[in-house]
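For reference, the structure is listed below as structure tokens.
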């Protein structure tokens, strides 16, 4: 069941909130700069044709590393969301107010746009900023489903390895979240582009002026993210610890 907390406009004047919003802007800027930059670099090295197994692997690795580092860097300041789907996935269970969520999303979109503007300036002689696009033969509804499933897995991992106080991974949560992102890029990249992040798609689309099927990269993640939060919070968060396996000398 959703547990939305509305919040209040006074949050905007709170020093902690201001720092958190600024952190989201900077973290998202750095994430998108590395993520989109890696796609541009693979395309440049491949002579404009970066859609290869090697190119996909390189982009997946770049996203794995930058997500792990940026989430870790921002965890103690803003939560290290860098993604509107993560923000709304946490808002759905009352872990962040809707007012602060709106500030986070605005900062994430601005950070993404600034990163892409800088990349476009740096790569002025090349083909421009790449945008997410559906693969050949993949319709919009299939794209939405793919993005929803990929984002569901991302948010499920966020809850299990970062949010859940019973997590057994210590400080490895951000790394594990990064690994899920990388795996999802490998799995979904050829089909939907594996965005999982409306901000990651918004900046390139705005700077490039290409909006074909852009709605897919909002609808899919914003279905999958909150749904994962509600499922994990409702089924697993409130439950007690798991039953330990019986030892060899234990009678059944």
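Each residue's number is its place along the chain shown, starting with 1.
Backbone N, Cα and C atoms are what each Cβ position is placed from, and that goes for glycine too.
Of the listed segments 105-125, 189-209, Swiss-Prot assigns transmembrane segment to 105-125. Counted over residue pairs 6 or more apart, the CB atoms of the transmembrane segment (105-125) and the transmembrane segment (216-236) come under 8 Å in fewer than three pairs, which marks the two as apart. Note on the transmembrane segment (143-163): residues 71, 75, 85-86, 89-90, 95, 134, 169, 172-174, 176-177, 180-181, 184, 187-188, 191-192, 194-197, 213, 216-217, 219-221, 223-229, 231-233, 236-237 of its chain, located 6 or more positions outside it, place their CB under 8 angstroms from a CB of the stretch.
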